[in-house]
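S.K.: Quick one: structure below, then a few questions.
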Amino acid sequence: MKILIATGNRDKLQEIAQIFSDHEVMGYHEIMEPFEIIEDGESFQANAIIKAKAIHERLSAQDRARYLILSDDSGISVPLLHGEPGIYSARYAGEPLSSKRNLQKLIEEIQKRGAERTPAHYTAAMAMILEGRIYTVHGWMHGEAIIAPRGERGFGYDPMFIPQGENRTLGEMEESEKNAISHRAKALKLARKLLQSLTKTEG
C-alpha cells in the first residue's frame, strides 16, 4: 500500500515514514504541484479532513485506487490561555509564518499571566481516505509548557514542552524517544492499526 501524505513538511514526513516503515510513504508534492489548502475548519479533525479531501479531489481515478491519503492537523493547547494557540498553532504569531515567532508569542502570553510553567497538551488528528471513505483517529500528549525553552531537537513548540512524567523538554529528547510518546506518534500508530484492520477486511 502506497501512502500519500498531505504535507510537504520534511519533519512530519520523516516521522510518518518511521511509523509506517513497512509501506512506501511520499509527500503529495511528489506526484502533483504543491497548492495552497485553506484550513478553515473549527477543529483539528475538521482541518485534517479538509487536507485529505483536497488531495483526493486532485487525484485521477487510477491514483485514488493506488494510494491511501493520510493527513494530520495538530497543535498545542494551553488551558491558561483558554485553549490557545490550538488550531492556530502553526500561525499563532501571524505572517510571516515562523516557528520561532510562534514559540516566542506563546512564551510571552504565558508570562503575561504571571506563570513560569503551566499545564498544556498537544492534539493530533489524522484523516485517512481509502477507496473514497474517510476515517479519523486522534492522539494526545499531556504535560507542561515552560517559558524557558531548552534543547535544540525537534521543531515547533518542542523546546518549551515537558511531557507528563518527564523532566526534559521534547527539544532535549532523542527523536526515537519523542516518537514513542508524541501525540502524532500515538495517532499514527492508531492509523496504522486501522489500516491493517481495513486491508484485512477488504482482503
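Even glycines carry a Cβ here, placed using N, Cα and C.
Because the structure is a prediction, the values reported are computed rather than measured.
Straight out of Swiss-Prot:
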| type | residues | note |
| --- | --- | --- |
| BINDING | THR7, GLY8, ASN9, ARG10, ASP11, LYS12, SER74, PHE155, GLY156, TYR157, ASP158, LYS178, HIS183, ARG184 | substrate binding site |
| BINDING | ASP73 | Mg(2+) binding site |
| ACT_SITE | ASP73 | active site, proton acceptor |
S.K.: Judged by the number of other CB atoms within 10 angstroms, which among THR7, ASN9, SER74 is the least packed of the binding-site residues?
M.R.: ASN9
S.K.: What does the structure give for the C-alpha distance between ASP73 (Mg(2+) binding site) and ASN9 (substrate binding site)? Integer Å is fine.
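M.R.: That comes out at 12 Å between the alpha carbons.
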S.K.: Between ASP11, ASP73, ASP158, which of the binding-site residues has its C-beta surrounded by the fewest other C-beta atoms within 10 Å?
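M.R.: Minimum Cβ neighbour count within 10 Å, taken over the binding-site residues ASP11, ASP73, ASP158, occurs at ASP11.
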S.K.: Non-local Cβ contacts of HIS183 (substrate binding site) (under 8 Å, 6 or more apart, same chain)?
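M.R.: Result: SER74, HIS121, TYR122, THR123, ALA124, GLY139, TRP140, MET141.
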